[in-house]
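Asks: Take a look at this one; I'll ask things after.
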Amino acid sequence: MSAVTESVLESIISPVTMSEFLEEYWPVKPLVARGEVERFTSIPGFEKVRTLENVLAIYNNPVMVVGDAVIEESEGITDRFLVSPAEALEWYEKGAALEFDFTDLFIPQVRRWIEKLKAELRLPAGTSSKAIVYAAKNGGGFKAHFDAYTNLIFQIQGEKTWKLAKNENVSNPMQHYDLSEAPYYPDDLQSYWKGDPPKEDLPDAEIVNLTPGTMLYLPRGLWHSTKSDQATLALNITFGQPAWLDLMLAALRKKLISDNRFRELAVNHQSLHESSKSELNGYLESLIQTLSENAETLTPEQIFQSQDSDFDPYQSTQLVFRQLLTSYKF
């Protein structure tokens, strides 16, 4: 495999090279790269997230506050909600963790770097990506869960303790899951879930202490939790993880959408009389046959041509929501 041109990420994970990272770690094995925090200055726009004050000065969007302080305020209804940037510092002092989602909206240099990094990581062009800044104080953190995204975490201030545990229940998950939800599992996740979940404190986890200047590559699906008893600040670069299923479905949709029958309005099968149900079943069988024929003629080239599709409508919607809110003053 040909080597990848040296990059900002490569300079941070050194002595691991970008080629070694792609071959030995990406996309399933975590990597901890330690060094001085000054090396993060190679990240474009880093000076705008160097301190919590820097972040609050540029972030013109609602801030997610998370943790026990929120649970207490809401009388147990929720552990998180959105507040204005003006209120965020007050919640921070109460012990809530702050999440500045889509921080890259306010730092064009970071946005451009993320797009370049997406290409270096060989991700499809339509992959969702963003920067998130996390700030926590007085024991703030997140309980055990796994993500459907992958993260590059750059610890800027303070020390944060991470628990990392191999996921024996699912591989390549396509949705986020909080361990506190067990034994409830969403239908899609249930279809490929195996065994019993781990205990909530992840007793068999590896303990990783992130100190200023440490970078953690966190693959999707890895069980993890975080905790800090001091003020911490970290920059997360988050990438979606489009599966071959996503690309194939997008390519198949492009083939089928030209057929008017597939664009017809669907009906509620339960609302029909038996004779109509039988007639509809026959009609759907003909559509299934057409679908099968199109799937059989699907080519790798057609699949590759779908790489710029929108694989994450939720994140796309969130981005539009955040963009609209940037015009408001708090």
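Backbone N, Cα and C atoms are what each Cβ position is placed from, and that goes for glycine too.
Small disclaimer: the values here were computed from a predicted structure and weren't measured.
Here Swiss-Prot flags 96-256 as domain 'JmjC', drawing on sequence analysis. Taken from Swiss-Prot, the feature Fe cation binding site covers His145, Asp147, His224, and the record attributes it to experimental evidence.
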Asks: What residue among the binding-site residues His145, His224 has the most other CB atoms lying within 10 A of its CB?
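Replies: Selected residue: His224.
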Asks: Other than His145, Asp147, His224, which residues of the same chain sit close to Fe cation? List them in sequence order, counting a residue when its Cβ is within 8 Å of the Cβ centroid of the site.
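Replies: For the Fe cation site, the extra neighbours are Phe142, Ala144, Phe146, His176, Leu218, Leu222, Trp223, Ser225.
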Asks: Need the DSSP three-state call for His145 (Fe cation binding site) to compare against my parser.
Replies: strand
